[in-house]
Amino acid sequence: MDSTRLPVIFLMGPTASGKTDLAMRLREHLPVELISVDSTLVYRGMDIGTAKPSPEELAAAPHRLIDIRDPAEPYSVADFLVDAEREISAIHRQGNIPLLVGGTMLYFRALLDGLAQMPAADTSVRAQIEADAAQFGWPYVHQQLAEVDPDVAADIHPNHSQRVSRALEVYRVSGKTMTQLRREQQASGDVRAFEDRYCVRQIAISPRDRAILHQRIEQRFHAMLAQGLVEEVRRLYQRGDLHTDLPAIRAVGYRQVWDYLDDKLHYDEMVARGIIATRQLAKRQFTWLRGWMTNEGARSTSENSQLHWLYTETEQGKPLAKEEIVRCALNFLKPTAI
């Protein structure tokens, strides 16, 4: 380990890949404390549909940045950066290693690249974007964004109108994408790279075969329904102060159940769309991870900036025991803890 930089571990992966289970098992072997990197786990009262660790699991392996917002409250990338930097520093002061675990790739990327200063809002540009959306739909506007800034577009659902609009607005106002602005400000020294301050070990856990993940996603969504997902969303629905323009309610699974409660979907259609939306989320997460090493290689040749893939099956497709997955992770991470 580089003695001039304190260690930090990233544990990333698509939804339903086993990230949380691995993180809690690693805690039994390494002096780590867990920080959640998930844009939905921040919300209180949203437990089943987010696959939030149970109270018993959280008591055994506490996660920071879980249950820190009401669903009516916004939570931005900038909020996450402030919270994550604070928790990382606190864990280091205690002599432990921060292990950041989750699937919100935009948060991980923002940590590595820093949060660049973006141009101020332009009402005329935003009005034109909204006019295009009204005429052609938000998926059309999202495609326009993907053509100029595929990295940012990959993490934004086409129906997430506010984020799509803002990202495209930044490009039209400045002539540069959000991705370009972040990289330029980092190169100029305006944003000090995360890896300049920390010794980072990055792991991505995933099945080798996408079909295996799709099967897990379907099984997990049915399990969530059996555990009371509809009732959980109903409690949110009946509050009266929540609506589908809020990021919390647009979360995968929640939006589909909300539409079911709003009589916009039949039950079977809600189930099918919930599974499809979750698979689409996993696809976006894979898109980020596939480009991760390319992006890292362009920025740094440091061993500590490289992504280590950890597959949950052998090359022959045989599932690895959980103990074997932990052993593989420890083989990569042990130098971090020395």
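Any Cβ shown, glycine's included, is placed from N, Cα and C.
According to Swiss-Prot, the ATP binding site annotation covers Gly13, Pro14, Thr15, Ala16, Ser17, Gly18, Lys19, Thr20. Listed in sequence order, Gly103, Ser206, Leu213, Leu281, Ala282, Gln285, Phe286, Leu289 are the same-chain residues six or more apart from Pro14 (ATP binding site) with CB atoms under 8 A from its CB.
Counting Cβ atoms from all protein chains shown, Ser17 (ATP binding site) has 26 others lying within 10 Å of its own Cβ. According to DSSP, Ser17 (ATP binding site) sits in a coil region rather than a helix or strand. Taken from Swiss-Prot, the feature substrate binding site applies to Thr15, Ala16, Ser17, Gly18, Lys19, Thr20.
Annotated region 'Interaction with substrate tRNA' per Swiss-Prot: 38-41 (among others), in sequence order, evidence recorded as sequence analysis. When Cβ-Cβ distances below 8 Å are used as the criterion, the region 'Interaction with substrate tRNA' (38-41) is approached by residues 49-50, 52, 63, 65-67, 75, 80, 102-104, 106-107, 247-248, 251-252 of the same chain, each at least six residues removed from its ends.
Cβ neighbour count for Thr104 (site 'Interaction with substrate tRNA'): 21 (other Cβ atoms within 10 Å of its Cβ, all protein chains included). Residues or ranges marked as site 'Interaction with substrate tRNA' in Swiss-Prot: Thr104 (among others).
The annotation site 'Interaction with substrate tRNA' is assigned in Swiss-Prot to Arg126 (among others). Of all the Cβ atoms in the protein chains shown, 16 others lie within 10 Å of the Cβ of Arg126 (site 'Interaction with substrate tRNA').
Swiss-Prot lists 162-166 (among others) with the feature region 'Interaction with substrate tRNA'. Under 8 Å from some Cβ of the region 'Interaction with substrate tRNA' (162-166) lie the Cβ atoms of residues 121, 126, 129-130, 133, 138, 141-142, 145, 153, 156, 245, all in the same chain and six or more residues away from its ends.
Looking only at other Cβ atoms within 10 Å, the busiest spot among the binding-site residues Gly13, Gly18 turns out to be Gly13. Remark: Thr20 (ATP binding site) has Ala51, Pro53, Val101 as non-local neighbours, by Cβ distance under 8 Å and separation of at least 6 in sequence. Restricting the binding-site residues Gly13, Ala16, Ser17, Gly18, Lys19 to those with a CA within 10 Å of the CA of Thr104 (site 'Interaction with substrate tRNA') leaves Gly13, listed by sequence position. In sequence order, Gly13, Pro14, Asp21, Ala51, Gly103, Ile205 are the same-chain residues whose CB sits within 8 A of the CB centroid of Thr15, Ala16, Ser17, Gly18, Lys19, Thr20, the residues recorded for substrate being left out. Neighbours of the ATP site: apart from Gly13, Pro14, Thr15, Ala16, Ser17, Gly18, Lys19, Thr20, residues of the same chain with C-beta atoms within 8 angstroms of the site's C-beta centroid are Gly103, Ile205, Ser206. The region 'Interaction with substrate tRNA' (162-166): residue composition by secondary structure is 5 helix, 0 strand, 0 coil, according to DSSP.
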